[in-house]
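Per TrEMBL, the features are as follows:
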TRANSMEM  A:6-26  transmembrane segment
TRANSMEM  A:38-56  transmembrane segment
TRANSMEM  A:62-88  transmembrane segment
TRANSMEM  A:95-115  transmembrane segment
TRANSMEM  A:135-160  transmembrane segment
TRANSMEM  A:190-208  transmembrane segment
TRANSMEM  A:214-234  transmembrane segment
TRANSMEM  A:241-258  transmembrane segment
TRANSMEM  A:270-287  transmembrane segment
Amino acid sequence: MSLDIVQMVLVTVVSAATPLIIAAMGELVAERAGVLNLGVEGMMVLGAAVGFAVAVETGSTLLGAVGGAGAGLALSALFGLLTVGLAANQVASGLALTIMGLGLSGLAGASYVGLKREPAPHLHIPVLSDLPGVGRLLFGADAFVYVALALVAGVSWFLWRTRAGLTLRAIGDDHTATHALGLPVRKVRFLAVLFGGACAGLAGAYLSLAYTPFWAPAMTAGRGWIALALVVFASWRPLRVAAGALLFGGTTVLQLHAQAAGLGLPGQALSALPYIATILALVLLSLGRRQGGSLAPAALGRDFTPHR
Amino acid sequence: MRSITGALIGALILSLGPARAEDKLKVGFVYVGPVADYGYSFQHDESRKALVAALPGKVETTFLENVPEADSERAIEKLARSGMGLIFTTSFGFMEPTLKVARKFPKVRFEHATGYKRAANVSTYSARFYEGRYVCGKIAGKLSKSGTVGYIASFPIPEVVSGINAFMLGAQSVNPNLKLKIVWVNTWFDPGKEAEAAKALLAQGADILTQHTDSAAPLQEAEKQGRLAFGQSSDQYRFAPKAQLTSIVDDWSHYVVAEAKAALDGTWKSQDTWQGIKDGMVVLAPFTNMPDDVKALAEETKAGIVAGRIHPFRGPVTKQDGTVAVKDGEIAPDPMILGMNWYVKGIDDTLPQ
């Protein structure tokens, strides 16, 4: 394989991992605050529909991305109202959110089916983007890819280097104690849920604006669920989530290339490879660092009612 | 006042007259995907619309979309219970649920697409997609400059395998050395993964793509990279005006209308229907982005299939392992095509079992 093909493969790996990273970062923050939102797939697919619709109407990819994130945010606000505000069951509400998102997106996107638009523009810096071997990979991606990277760095920094991040993690571990300390448990959780929704919506918008620039119902094809699983297997750590997403995207793309190159390996086994490889790698990683007890935020998925 | 009453009575008599002879037929449709997929389920819904247009006032239609195969029994039963006289279940995976519901409702007539199990009140229907793929293969064999064509396949079921074989036989008839690279994506619909598969195939030197999955993503990828591709299920020209060569379009309309008519006349009976280009169930979208001689070859092949002069699986057909599948001068019998689980010679891939 020439250098250009290697670079091309790496570029597709990154673009396959980007939606997973964006959605998983949002879910990670929500779960760190103690809220399990199983509606990622629903928010993502609604983000894809609304993002595409806004982009077509306005002609602007940026507004489309904002619209997609906004749609995810709106749907997550409903979820936050139910689970954080009214202490409804998080698992049931999250599943309902996925079903609702899939239905709503069909409705919102109905008149945009079969339309196409140009994919999101890619960065182009005269000399740097043309560097052989690495130019396109490092300096020629679309804005979503850089946003995903910024999200990983930003979430890491926020959770472990700021007071607000410490508060958020503390609330995710013990809502009763943090509430007794006077910390705004429900407010922080609600904001974390909104952040998760906006990220999921943005990830969806990436699919319909940059990855495969058209809208088709259910086009997320389970990526929301994979993002959810990544958060768990990466033991709620941003860098590991990113690594897991790249590994998942990488094995997905590489197995397709292996098939196209005619290596003669069975297709079904190769299709299962990304799942097996990612789970194995992340589980082994978690085992190595494990120091007794669960790695999950201790209050994850538990309802909180302050006055009872 | 009198004229209004008269008109009312007249309308009453009119509505009683023909409606008494045979009540309005309620027709239900069950789709596996969204009607807006611009592919498989979209084409089935087009047949429903054609039915409404063809028999105005005589039929009343209902459809359920996005019905998961695992949960389809409930959906089909719901339609049967609501007084439907004829129900079309349009995915292979609906086969057992359809039969189960059909046993409970012996007076309701069922039509199952792409399956092979029938009952007294269950008919089956499917299209000879492989005929279209044979024409595509000829076009690809003529047009490929790199000599390599990429094939994005979904699942190793006979319908897909016979499609691959027909495509390859068509291609070999004009270019015996053409190479086919096959990528199995193990999904019917995942735009992202289909696009990745397309990228992988194009990177490995394929200059024409064809697919047996349902999204327009591979076509768009071909368009983006300035290569050529074939559409799937419905005419996807709008997605790739510079790349689409033709598209294999499923047209169920005339069949659905005929079956509804038969149900209205009382002549409906359980049967198996398998039609191709000749009967208009497989339609090829306009041949575009190719020179005139290739277009002429494609038209001629199509006409040959219609006239019965050309059959994609006319012998000699040799299997990958060198054994003869169809002898010289013979034509592969339908059961062989319906159960195809082997590749023809020249395909360099291991068929997943």
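Numbers here mean position along the shown chain, with the first residue as 1.
Every residue gets a Cβ built from N, Cα and C, even glycine.
Where the annotation comes from TrEMBL, it is an automatic prediction and has not been curated.
The stretch from A:6-26, A:95-115, A:135-160, A:190-208, A:241-258 that makes the most Cβ contacts under 8 Å with the transmembrane segment (A:62-88) is A:190-208. Long-range contacts of the transmembrane segment (A:6-26) within the same chain, counting only residues at least 6 positions beyond its ends with a Cβ under 8 Å from a Cβ of the stretch, are 40, 44, 133-134, 136-137, 140-141, 144-145, 147-148, 151-152, 155, 195-200, 202-204, 206-207, 210-211, 223-224, 226-228, 230-231, 234, 238, 241-242, 245-246, 248-250, 252-254, 257. Tertiary neighbourhood of the transmembrane segment (A:38-56): same-chain residues 19, 23, 26-27, 63-72, 75-76, 79, 90-91, 93-102, 104-106, 108-109, 112, 115, 117, 196-197, 200-205, 207-209, 214-215, 218-220, 222-225, 227-228, selected by CB-CB distance under 8 Å and a gap of 6+ residues from either end. Contact between the transmembrane segment (A:270-287) and the transmembrane segment (A:95-115) is absent: fewer than three CB pairs lie under 8 Å, with pairs separated by 6 or more positions in sequence. For the transmembrane segment (A:190-208), the list of distant contacts is 18-20, 22-23, 25-27, 29-30, 32-33, 35, 37, 39-40, 43-52, 64-65, 67-77, 79-80, 83-85, 144, 147, 151, 168, 214-215, 219-220, 223-224, 227: same-chain residues at least six beyond its ends, Cβ to Cβ under 8 Å. Residues 37-46, 48-50, 52-53, 56, 71, 75-76, 78-79, 214-218, 224 of the same chain lie 6+ residues outside the transmembrane segment (A:95-115) yet bring a C-beta within less than 8 angstroms of a C-beta in it. Same-chain neighbours of the transmembrane segment (A:214-234): 19-20, 23-24, 27-28, 31, 38-45, 48-49, 52-53, 98, 102, 105-106, 109, 112-117, 200, 203-204, 207-208, 240-241, 243-245, 248, 278-279, 282-283, 285-286, 296, counting only residues six or more beyond its ends whose CB sits under 8 Å from a CB of the stretch.
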